[in-house]
Every structure is written in C-alpha cells, then in structure tokens.
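Database features, via TrEMBL:
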COMPBIAS  1-15  compositional bias 'Low complexity'
COMPBIAS  30-43  compositional bias 'Basic residues'
COMPBIAS  62-82  compositional bias 'Low complexity'
COMPBIAS  87-97  compositional bias 'Basic and acidic residues'
DOMAIN    124-196  domain 'U-box'
REGION    1-132  region 'Disordered'
Amino acid sequence: MAELAAAADRNAEALLADEEAEKEAEQRAKERKAKKKKKKKGRGGGSGAGPSQEPQGEEAEAVAAAEGGAMAAAEEAELAAALQKNARLEEKRRVAEEQPPQPEAPPREEEPPEPEAPSREEPPPPADFICPITTEVMSDPVMATDGHSYERKQIERWLATKSTSPMTGEALEHSILTPNHALRGRIREWQEAHHC
C-alpha cells in the first residue's frame, strides 16, 4: 500500500514539474512577444537628417504587418503546442487522482497463514557452561584444584606446560582433574532443551 502511495506521489510530482515547465515556456513566449512589440514601436524615421533606410508609409505598414503576422503565427503555434501539452498533463493528473489506490495482493484464503518462524536467536548458555580457555560450551567438564571447571582436553594441554590456574594465575596444588558430572548433566539438559 505504501508503495502505491509513493508511486502516486511521484506521478503527482512529475505532473507538477511538467506543468511548471509549460508555464515557464508560456512566460518566455509572452516576454518574446512583448519585446517584439517594443521593437515595432521603436522603428521610426531616424534623426530626420536624410532619407531613412526603413520603409515608410504604406510600405512600412505592409512590412510590419508581414513581420508581425509571421511572428504572431509562430508565437501562436508555440502557444498552441504549450496549451495542448498542458491539457494532456491536466488529463493525466485528473486520471491519476480519480483512480483509487490499488490494494496489495489480497491474501489467499486457500492457504493458511504461515506460522511464525521460531526465533533464530538462541539464548546464550549460562556462564558456568563455558570453558574459560576455549570460551565454548563444555562437553567433558572437569574440575581442577582451583575450584573452576574446564574442558578436559584444554586443561590437560594447559597443565602439560604450566602448573598454574588459567583463571587465577596462582600455582595449583596438583594436576589431578576431577570429572564434574553434575555440570555435565546440566549442560546436556540445556542442549536438549535448546536443540544444540
């Protein structure tokens, strides 16, 4: 619906722009006509010091009439063309205004509306499900002597080269790792509930 309204607005703007252009053309034609009339009035016998180069008397009137007729015919033709164009634009605008906005495609009654797709955004896992080394959900959590749980493979790699806690930086009492079965169970329940 909004697209139709926008299209109607664009059509109206185009019509108005065309109308303005036509009015400007008419105004220029009037100005030219006024200038030509001034030139006709300005013609005269000159300073009176000798014979004039301009035709005089009946001859001058005939020349002026011929020139005026030719100019008037050209101006009239130009004005007639502008008026015809204006009439066409007026007709287009009138038709555009008379046409009711076309509704969007009607909803199909045969097909039931599509169910809303479930949100693709999954809630983030609880912080204690995340291994501090990998920053991913753990699948085999174990607890070190510092009291924190880690992904088994990652903490074993860590302890192969260091004897400090990845979380606190303090020395660990020993490198024995204890499986964290309670945490593993909660992680699995969360994954099943969220189809992970």
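Here the Cβ of each residue, glycine as well, is placed from N, Cα and C on the backbone.
Under DSSP, residues within the domain 'U-box' (124-196) fall into helix, strand and coil as 26 helix, 12 strand, 35 coil. In the predicted model, the domain 'U-box' (124-196) has a mean pLDDT of 93.
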